[in-house]
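Shown next, in structure tokens, is the structure this report addresses.
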Amino acid sequence: MANAGLQLLGFILAFLGWIGAIASTAMPQWKVHSYAGDNIVTAQSIYEGLWMSCVSQSTGQIQCKVFDSLLNLNSTLQATRALMVVGILLGLIAIFVATVGMKCMKCLEDDEVQKMRMAVIGGVIFLIAGLAALVATAWYGHRIVQEFYDPMTPVNARYEFGAALFTGWAAASLLLLGGALLSCSCPRKASYPTPRPYPKPAPSSGKDYV
């Protein structure tokens, strides 16, 4: 029962992490314009995501422009896109695989070992998806820090971490934690009791009694 509860907890955490990865990928606030410096302009807010850049006016009006050319994007943005999409697709596969291996499901009830192996495989795929999301967000965040402290970057062109980046880090953590919990349900070798020796029959004395 404890193992089933561990499986369910791991699956819920990983599923929440998968939802968070989707939300993070779709959000446009991967990096927001920094107001550090002397020229502080609060009339508008500029932020960029993986798919578009947006400008929010103080009046509440928001204008977004989708990145038109894929080849015109920098390598960091392309790699981050690819890793996040791969992580989401792997998470979808892991959901189906882990669902089959959950003890609360009726699938593969006749083969308990195979059922537990499916749960472990789903957990491993969740771990890979979490690593992909973690690498993507860490790489993108490193690029933001690198450009922020670059003396060649103008003050009015510097960016800081956005909400989508923090969402991605939280999603990657949930995917890794949930995948680790699912992987802990690895099937153990069945231990069979040692057969008890039967008592040897007493040797016959050679006399027949009537």
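Backbone N, Cα and C atoms are what each Cβ position is placed from, and that goes for glycine too.
Automatic prediction, not curation, is the source of TrEMBL annotations.
The structure displayed is predicted, hence computed values, not measured ones.
Residues or ranges marked as region 'Disordered' by TrEMBL: 190-210. Annotation comment: TrEMBL describes 1-23 as signal peptide. The annotation transmembrane segment is assigned in TrEMBL to 79-98, 119-141, 161-182.
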| request: Sort out the residues at least 6 away from either end of the signal peptide (1-23), same chain, that have Cβ-Cβ distances under 8 Å to it, and list them. | output: 84, 87-88, 91-92, 94-95, 98-99, 101-104, 119, 122-123, 126, 129-130, 133, 164, 167-168, 170-182, 184-185
| remark: Within the same chain, the residues 6 or more beyond the ends of the transmembrane segment (161-182) and with Cβ under 8 Å of it are 6-7, 9-21, 23-25, 27-32, 47-49, 84, 87, 91, 94, 98, 119-120, 122-131, 133-134, 136-137, 140-141, 144
| Outside the transmembrane segment (79-98), six or more residues from its ends: residues with CB under 8 Å to it | 11, 14-15, 17-18, 21-22, 24-25, 50-51, 118-119, 121-123, 125-126, 128-130, 132-133, 135-137, 139-140, 168, 172, 175, 179, 182
